[in-house]
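Let me begin by presenting the structure, written as structure tokens, before commenting on it.
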């Protein structure tokens with residue numbers, strides 16, 4: 001088994017963290033479930049953008065559920081032990097869902113690029129069949145990424161220290177405990193996680209640059225609406241990618257634990273996404289209000 005040190009050993013801080021993260025997890029569940037329910041029940045929200053948003057909400061629920069419930073339980077106990085098998089399972093699903101979200105954000109950017117830069121061909125390019133194919137490809141890509149990370153981890157020998165300086169099992173803190181030289185392994189993992197995060201992030205930034213140039217050249221009311229939607233996407237992208245690039249695109253053994261930075265993309269990003277995607281979208285807010293009035 002491994003022993004998780006958590007975020008703090010002070011009891012009063014653990015109580016504060018429990019209240020904060022419990023509220024954040026409730027916000028993740030309620031906010032994202034509300035988005036899914038709104039998109040599924042409102043016929044006006046049948047465009048590819050809202051189909052992808054619905055999938056992002058589902059991913060955020062899964063992603064937060066990989067770490068938050070376990071962390072909340074551990075905050076109630078002084079000794080935070082996790083079995084080796086449970087630790088590896090958490091690591092696998094964390095990277096599976098996390099990588100799938102990265103790829104899905106790329107697809108959402110492509111959707112915005114198509115809507116703004118090629119509006120006449122948008123319906124043909126982003127058909128229902130294409131959307132399903134792209135979402136399936138995101139999950140497949142996430143699985144391939146995660147299985148590589150997991151296989152590289154479980155082949156390492158663990159025979160010494162078993163204390164993980166974090167609140168969940170992830171590649172960097174786990175492989176630091178291996179009883180062997182991990183130089184090659186950590187660079188393989190950095191190439192897998194860090195390089196993927198960096199390349200995808202650069203693709204997203206390039207796409208948004210094309211969008212901004214297009215909007216500047218031919219600005220219309222429709223482009224203004226699309227640009228407002230893209231602004232919310234940029235906020236979500238920054239919350240996910242910037243911390244991940246910082247964490248994974250470097251040798252793991254030469255840097256201290258960054259568990260507080262990990263909180264950005266494991267806890268706060270899934271909680272913020274419902275606010276980011278609804279507060280700047282009048283159609284979603286109107287549909288939610290109509291859903292609320294029907295349920296009263």
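Using the three backbone atoms N, Cα and C, a Cβ is placed for every residue, glycine included.
What TrEMBL records for 31-277 is domain 'G-protein coupled receptors family 1 profile'.
Sequence annotations record features per position, and here TrEMBL assigns transmembrane segment to 15-37 (among others).
For the transmembrane segment (49-68), the residues of the chain that approach it from at least six positions outside its boundaries are 21, 24-25, 28-29, 31-33, 35-36, 39-40, 90, 93-94, 97-98, 100-101, 104-105, 107-108, 111-112, 115, 128, 131, 135, 138, 167-168, 229, 266-267, 269-271, 273-274, 277, 284, judged by C-beta separation under 8 angstroms. Taken from TrEMBL, the feature transmembrane segment applies to 49-68 (among others).
TrEMBL lists 88-110 (among others) with the feature transmembrane segment.
Long-range neighbours of the transmembrane segment (130-148) within the same chain, counting only residues 6 or more positions beyond its ends whose Cβ lies under 8 Å from a Cβ of the stretch, are 48, 51-52, 55, 92-104, 107, 110, 192-193, 196. Annotated transmembrane segment per TrEMBL: 130-148 (among others), in sequence order.
Residues or ranges marked as transmembrane segment by TrEMBL: 195-215 (among others).
Taken from TrEMBL, the feature transmembrane segment applies to 227-249 (among others).
Note on the transmembrane segment (261-279): residues 7, 21, 24-25, 27-28, 31-32, 34-35, 53, 56-57, 60-61, 63-64, 67-68, 94, 98, 166, 168, 170, 232, 235-236, 239-240, 243-244, 246-247, 285, 288 of its chain, located 6 or more positions outside it, place their CB under 8 angstroms from a CB of the stretch. What TrEMBL lists as transmembrane segment is 261-279 (among others).
Predicted-model confidence for the domain 'G-protein coupled receptors family 1 profile' (31-277) is 85, expressed as mean pLDDT.
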